[in-house]
Each structure stands twice: as C-alpha cells, then as structure tokens.
Amino acid sequence: MANTKKTTLDITGMTCAACSNRIEKKLNKLDDVNAQVNLTTEKATVEYNPDQHDVQEFINTIQHLGYGVAVETVELDITGMTCAACSSRIEKVLNKMDGVQNATVNLTTEQAKVDYYPEETDADKLVTRIQKLGYDASIKDNNKDQTSRKAEALQHKLIKLIISAVLSLPLLMLMFVHLFNMHIPALFTNPWFQFILATPVQFIIGWQFYVGAYKNLRNGGANMDVLVAVGTSAAYFYSIYEMVRWLNGSTTQPHLYFETSAVLITLILFGKYLEARAKSQTTNALGELLSLQAKEARILKDGNEVMIPLNEVHVGDTLIVKPGEKIPVDGKIIKGMTAIDESMLTGESIPVEKNVDDTVIGSTMNKNGTITMTATKVGGDTALANIIKVVEEAQSSKAPIQRLADIISGYFVPIVVGIALLTFIVWITLVTPGTFEPALVASISVLVIACPCALGLATPTSIMVGTGRAAENGILFKGGEFVERTHQIDTIVLDKTGTITNGRPVVTDYHGDNQTLQLLATAEKDSEHPLAEAIVNYAKEKQLTLTETTTFKAVPGHGIEATIDHHHILVGNRKLMADNDISLPKHISDDLTYYERDGKTAMLIAVNYSLTGIIAVADTVKDHAKDAIKQLHDMGIEVAMLTGDNKNTAQAIAKQVGIDTVIADILPEEKAAQIAKLQQQGKKVAMVGDGVNDAPALVKADIGIAIGTGTEVAIEAADITILGGDLMLIPKAIYASKATIRNIRQNLFWAFGYNIAGIPIAALGLLAPWVAGAAMALSSVSVVTNALRLKKMRLEPRRKDA
C-alpha cells in the first residue's frame with residue numbers, strides 16, 4: 001500500500017483467542033487492510049488506504065461481530081452561541097470529525113457532550129475545532145461554580161443593555177414623532193445628534209453581532225448575528241448616505257434611520273437578557289440538588305475529631321456525625337444508633353431507624369443520635385452524585401422531536417436573507433418602483449423579525465425544566481429520548497416481588513398463645529428461610545424471649561421438627577401433621593384454605609403432638625400500590641403483573657391492587673420474551689422492576705422503569721429510575737412526560753408559527769423595523785417563559801376522558 005495510514009482501536013468484549021482471531025480475520029478481508037488484534041492488550045492495530053476506508057468502517061465491522069470499541073466522553077462549555085444555527089453548525093462539524101462517535105450541542109445549557117474514540121482524537125482537538133468556528137470552548141470543570149459564572153455573564157448583559165437603552169431612548173422619541181405627531185426639541189432631529197448617539201450603539205454595543213457574523217460567514221455558516229448585522233447596518237449606512245447628502249446640500253430634509261438601527265440593537269439585547277435570565281431558572285432543580293451536599297465532614301484522626309472539606313474524605317475514613325448534621329458521604333454505621341431523614345432520596349418524611357452495620361446515604365439528615373461511620377463511597381460515586389449526573393445528562397440530551405427544528409435551523413438564515421433580498425427587489429421594481437426607502441424598510445423588517453433562536457430553544461428548555469421538575473419529585477429520566485418515548489406508553493408491566501410488594505415477608509395472621517409463638521420463633525431462629533426471619537421478627541415485636549433448640553431437623557417440602565426444653569415442636573403443612581397423626585379441626589382447616597387462597601403461606605404448629613396454633617406469612621403489598629394502579633387505569637393505561645410465583649398467589653396480590661392481567665409461573669429468563677409478546681400486539685410497553693432478573697425485560701421494553709430501592713443492575717438497565725419505592729411516582733412519571741411533550745409542541749408551534757406568519761407580514765411592509773425587532777426579541781423569551789411553566793407543574797395525572 002503506497003498511501004497508508006495506521007490507527008489503533010481499543011476493543012471490548014473479547015474473552016479468548018477465538019474472539020481476537022475472528023476480528024482480525026474479518027478486518028483483513030477488507031481491501032488494502034492489514035490488521036493485527038492483540039487479545040492481551042485488547043487493541044486492534046489497522047493499516048489501511050485512507051482513499052478506500054475510514055476508521056468508522058472498522059468500528060462498524062467490529063461492532064457487527066458483537067464486540068465494542070471503547071469510547072470516552074467529554075463535556076465542553078461553549079460560549080458565543082446566539083441561536084439554533086450556531087448549535088446546529090457546531091454539532092454538525094463535530095460529528096464529521098474523525099474519531100467522533102456522537103456529539104450533541106445544547107443551546108440552552110451552552111454545552112456539548114461528545115463521545116469519541118481516544119485513539120483517533122482527543123478533547124483538545126475538539127476544543128480547537130470549535131474555536132476555529134469562532135466560538136470559545138473549554139473542557140467542563142465540575143469543580144467550578146457554574147452558577148456564579150452565569151450570574152457574571154448575566155450582569156454583563158444587563159450593563160450593556162442599560163448603556164444601549166440610555167443612548168437609544170432619545171432616538172426612540174423620534175419614532176413617536178412619526179407615529180403621534182409629537183413636538184420634541186429640535187436637537188433630537190439634528191443629524192449630528194442622532195449620529196453621535198447611534199454610532200456607539202452600532203459599533204461598540206453591537207460589535208458582538210459583527211464579530212459573530214464575521215466568524216460564521218468565514219466558516220461558511222450563517223446565524224442570527226448575520227441577520228442583525230445586515231439589518232442594522234443597512235439602516236445605519238443608509239442614514240450615513242442621507243447625512244452626507246445633507247452636508248453636501250443635496251437635501252434639506254434627510255431621511256435618517258439611525259433610530260431604527262440603535263433601537264433594534266437595544267431591543268435584541270433586551271430580549272437576549274430576558275432569555276438568559278429565564279434560561280438560568282431552568283437549571284434551578286440541579287442547583288437545589290447540589291445544595292443538598294454537605295460542605296464538610298468530621299473525621300476521626302488519632303482519636304481527635306477534625307473538620308475537613310468534603311472533597312478530602314476518602315473511602316475507609318472514619319467519620320462522626322452528630323444530631324442535626326448531614327451525612328457527608330455514603331457509608332456504614334460502625335457505632336451508635338439514630339434516625340435518619342431520607343426524604344431527599346425517597347420522598348418519605350418519616351425518619352428511618354439506623355443501627356450498627358446499616359448503610360447511610362450522603363446528604364441525608366441525621367436526626368437524633370451521634371453515630372460513627374465508615375466512608376464507603378465518596379465524591380462522584382455517592383448516591384447523590386449519581387442522581388445529579390443522571391439529571392445533568394437528561395437536561396443536556398436531545399429528544400427526537402427536536403430533529404426537525406435542527407434541520408430547519410441549519411438552512412434558516414440563508415433562506416431569510418434570500419427572502420429579504422427578494423422583498424427588496426419586489427418593492428423597488430413593482431410595489432414602489434424606483435423608491436428606495438420603502439424597499440429598504442421592508443427588507444430590514446424581514447431580516448430582523450426572523451428568529452432562529454425560538455426554534456433552537458423550543459425543545460431543550462422544556463426538557464431541562466421538565467426533567468428537573470421530575471427529579472424534584474424523585475423521578476429520574478436518563479435522557480430527552482425517554483421523556484418523549486414515555487408519553488406514548490399504553491401498557492405497564494409490573495414485577496411483583498419488591499415492586500408491587502415490599503419484598504419482605506411479614507406475619508399477617510396468627511392464632512395461638514404466646515408460649516406457642518415463643519417455641520415457634522425459637523425453632524425458626526436458626527433457619528435461613530425468609531419466612532423464618534419474619535416469624536422471629538414478629539416474636540421480637542411481641543417482646544418474647546427466645547431460648548435454644550435441643551434438636552432441629554428440616555423436613556423437605558413439609559416443614560421443620562425441633563425439640564426445645566423437652567417440648568416437641570412441629571411446624572409445617574397438612575402433610576406434616578398427617579404424617580404425625582395430628583388431626584385438624586374443621587375451622588383450622590377452613591382457615592388454612594382461606595389463607596392459601598389469599599396468596600399467603602400458612603403453617604400449622606403442633607406442640608407435643610397437639611395442634612396449638614396457625615400462622616400465616618406473606619409479602620405485603622406496598623402502601624399506595626392500589627391507588628397508583630387506579631391512577632394508571634384512569635389514564636387509560638393497561639396494567640399487567642409479571643411474576644415467577646404460582647397463579648394463586650399472583651392472582652391474590654393482583655386482586656388486592658386491582659390488576660386484571662396476571663402473567664404467572666414465569667422463569668426469570670422468560671420475562672423479556674413476555675414483554676416482546678405484548679410489543680408484537682402493537683402495544684407500547686413499560687416494564688417496572690427492581691431485581692437483577694428484571695434487567696433483560698427492562699432493556700427489552702419500550703421504557704424500563706427501575707425502583708430505586710432495587711439492585712444496581714436493574715437501575716443501570718432502566719431508562720427511568722424511581723427513587724425510593726413509591727409506586728405513585730409511576731403515573732407521575734408518565735404525566736410529567738406527557739406535560740413536557742405537550743409543552744414542547746406548544747413551543748414548536750409558536751416558533752414555527754411566528755416565523756411563518758411574521759416573515760410574510762414584514763415583507764408586505766406592514767411592520768416597522770423596530771416593531772419587527774421587538775417581536776423577534778420577545779419570541780424566544782416567550783418560548784423560554786412557556787417552558788418555565790413546567791416548574792409549577794403539579795404531577796397529578798389526568799383521567800383519559802378528562
């Protein structure tokens with residue numbers, strides 16, 4: 001190969017030499033490619049002809065074989081974007097770079113998230129490429145206070161606006177002269193006076209528009225800056241032309257438009273200031289989450305208590321937390337007992353009792369006891385840090401509904417410039433032949449009324465506010481895509497254990513005396529069965545003292561047999577009693593049947609071969625489960641239960657909570673197949689689960705919803721995480737999705753409708769340029785303001801027929 005290039009790719013998923021050989025063989029089948037795959041280093045070195053192949057082709061080949069190529073993710077702060085055309089252009093350029101897998105740019109947050117292959121490119125190259133487009137970019141510093149930076153930028157915008165307004169106000173009075181025949185001092189109509197006021201507004205205050213326009217045009221793009229610069233420059237320089245004619249004596253009554261250019265810039269700055277202020281409110285939810293973190297921790301060093309900054313705490317450090325203080329990091333109690341307010345995580349206001357060996361979560365509040373704890377997770381690994389990360393990613397992500405706006409934004413400015421030019425030609429040749437001023441005014445109005453900003457802000461602002469509001473209620477969407485997909489759900493499948501039920505068996509019914517219960521609990525205390533644990537806990541709640549067993553024997557499939565203090569104990573089913581010639585009275589037999597039909601595990605107790613009691617144990621239904629399912633039904637959503645339990649138990653639980661469809665006796669590996677069956681019927685399915693065995697079904701479903709009290713595997717596989725275990729958050733999540741998508745549609749309707757209606761009206765000469773400019777400035781503000789309504793969203797689902 002004469003013209004060759006070499007690249008190295010990090011490969012994931014290889015387990016043996018067969019894997020590396022397979023990848024190497026497949027790559028070498030490509031023309032003019034020489035590939036070597038090393039299993040030990042997990043790298044593929046590929047020499048190729050760049051005229052025939054690119055790196056993405058090799059990546060696709062590897063992924064098609066079922067392996068992965070390692071990617072890194074970087075978040076970038078970008079300043080200088082003024083409208084959707086800017087963010088769309090940056091995104092398009094980044095996605096065309098070698099080594100970039102995917103890039104998204106968010107106009108609202110002024111950030112980019114880029115997934116890239118580290119062997120092909122790096123973060124510095126990404127920053128440099130953005131800077132070449134004329135924008136400032138830097139790698140996001142998570143330790144930097146973003147709030148103060150944005151506050152400073154907002155203050156700078158306000159100062160520029162005030163200066164511009166002070167200079168433009170006298171010029172604005174000239175407009176009232178034309179509109180209302182007002183009398184004003186002659187000074188205000190003096191061309192020199194107008195020139196002196198308008199020039200600093202045009203070239204000092206408005207210099208940012210020229211810089212932005214130049215950088216965009218130099219790189220083959222066009223944005224809002226181009227429209228503003230061209231429109232205001234046309235008015236300003238035509239006024240200069242008229243002023244020169246006046247100085248030469250060619251005219252005694254110059255037609256000046258200094259007020260148009262200056263007032264336009266002021267109005268646009270006013271709109272941008274309002275927009276920035278409104279956008280800063282969209283991130284309030286994230287700020288509130290960050291404010292939950294403790295600032296310091298009390299560490300135990302050499303027997304002394306020392307206060308240190310939170311970022312200096314390491315895994316394994318011994319910390320002391322006193323009443324009224326926040327738990328600094330995630331950890332485990334090694335001394336003391338207390339009650340902890342975990343409402344920030346679970347929404348449950350009642351404090352949770354904590355003892356030695358119990359886990360505690362950072363940023364929760366220690367209520368009434370001093371505890372000593374060991375730090376197990378710190379920094380970015382804590383529960384709160386992971387919640388913040390999910391919210392950040394959701395707020396910076398894109399929903400598919402935004403694609404149309406992104407496509408249009410890329411062509412918007414050139415089309416508007418073309419329409420403005422056509423407007424000028426039509427006016428000067430057909431409407432007012434040979435008359436320059438009306439043609440100029442109409443074309444300027446077209447330029448300044450067009451607003452690509454509203455298009456770019458319509459979706460991301462709603463996503464930011466909607467996901468933030470959901471997070472405040474304990475609902476974590478992992479991205480805008482999932483917000484959009486959730487509103488289409490018409491079927492919800494709930495796992496039973498740990499989702500509908502608490503996942504912890506408890507004693508629901510007991511008939512017998514305390515001595516029988518004491519002997520029963522003593523017999524069961526050495527058993528590892530979860531039902532035994534429930535019985536022991538029940539006895540402890542009754543403050544009964546447990547003794548020791550003399551003998552203990554499990555009777556497989558039937559129960560247990562034990563000897564305690566010369567008492568012979570039998571605990572089990574009918575068969576165990578029959579085998580030991582113990583008869584059942586009819587009322588006991590009826591009770592046993594009743595409990596079993598109700599989905600409970602019922603056990604008979606015999607002491608010294610005489611029946612002395614009956615006890616029933618069951619996994620109880622969660623509080624509000626019935627209410628949550630009723631709300632889902634009211635929303636027109638079908639609810640089904642999926643479980644590995646037998647049909648009788650499953651139907652008993654389903655009857656309690658109001659579920660009609662029960663899919664029982666399902667093996668864990670069959671859950672995903674059951675979801676697929678529902679999807680084949682044309683249903684949009686959400687799966688709700690909490691266990692490791694739910695993960696495949698969560699992935700298979702259109703939307704996977706993990707209960708936050710569940711396993712990390714389930715949470716990782718899900719698209720939405722419900723903090724705590726409250727099922728009422730499921731209908732709230734669906735309503736939040738519907739409300740957010742409805743808000744996005746309102747924004748897009750306004751953004752498209754405004755431009756579709758506004759541009760023709762301006763072209764017909766029905767709007768003065770300053771009115772058009774005011775409309776443009778306020779259009780994006782209206783979109784952001786509408787999105788901010790979601791902050792007050794009450795997550796109360798509506799009936800489908802409401």
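Note: Cβ is positioned from N, Cα and C throughout, glycine not excepted.
Feature list (source: Swiss-Prot):
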- 5-70: domain 'HMA 1' (DOMAIN)
- CYS16, CYS19: Cu(+) 1 binding site (BINDING)
- 72-138: domain 'HMA 2' (DOMAIN)
- CYS83, CYS86: Cu(+) 2 binding site (BINDING)
- 161-181: transmembrane segment (TRANSMEM)
- 192-212: transmembrane segment (TRANSMEM)
- 224-244: transmembrane segment (TRANSMEM)
- 256-276: transmembrane segment (TRANSMEM)
- 411-431: transmembrane segment (TRANSMEM)
- 438-458: transmembrane segment (TRANSMEM)
- ASP495: active site, 4-aspartylphosphate intermediate (ACT_SITE)
- ASP690, ASP694: Mg(2+) binding site (BINDING)
- 748-767: transmembrane segment (TRANSMEM)
- 771-790: transmembrane segment (TRANSMEM)
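Feature annotations (Swiss-Prot) mapped to structure.
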residue : record               : Cβ contacts under 8 Å, 6 or more apart
CYS16   : Cu(+) 1 binding site : LEU39
CYS19   : Cu(+) 1 binding site : GLY13, LEU39, TYR67
CYS83   : Cu(+) 2 binding site : LEU107, ASN223, MET224, SER409, CYS451, PRO452, CYS453, GLY456
CYS86   : Cu(+) 2 binding site : GLY80, LEU107, TYR135, ASN216, ASN223, MET224
Whether the transmembrane segment (438-458) meets the transmembrane segment (192-212): three or more C-beta pairs under 8 angstroms: no
Recorded positions compared (ASP495, ASP690, ASP694) - the one with the fewest other Cβ atoms within 10 Å: ASP690
DSSP-assigned states of the domain 'HMA 2' (72-138) in counts, ordered helix, strand, coil: 23 helix, 24 strand, 20 coil
Cβ-based contact of the transmembrane segment (411-431) with the transmembrane segment (192-212), 3 or more pairs under 8 Å: no
DSSP state at CYS16 (Cu(+) 1 binding site), helix/strand/coil: coil
Model confidence over the domain 'HMA 1' (5-70), averaged pLDDT: 86
Assigned conformation of ASP694 (Mg(2+) binding site) - DSSP reduced to three states: helix
Rounded Cα separation (Å) that holds between ASP694 (Mg(2+) binding site) and the residue listed as 'active site, 4-aspartylphosphate intermediate': 8
Cα distance (Å, whole number) from ASP690 (Mg(2+) binding site) to ASP495 (active site, 4-aspartylphosphate intermediate): 8
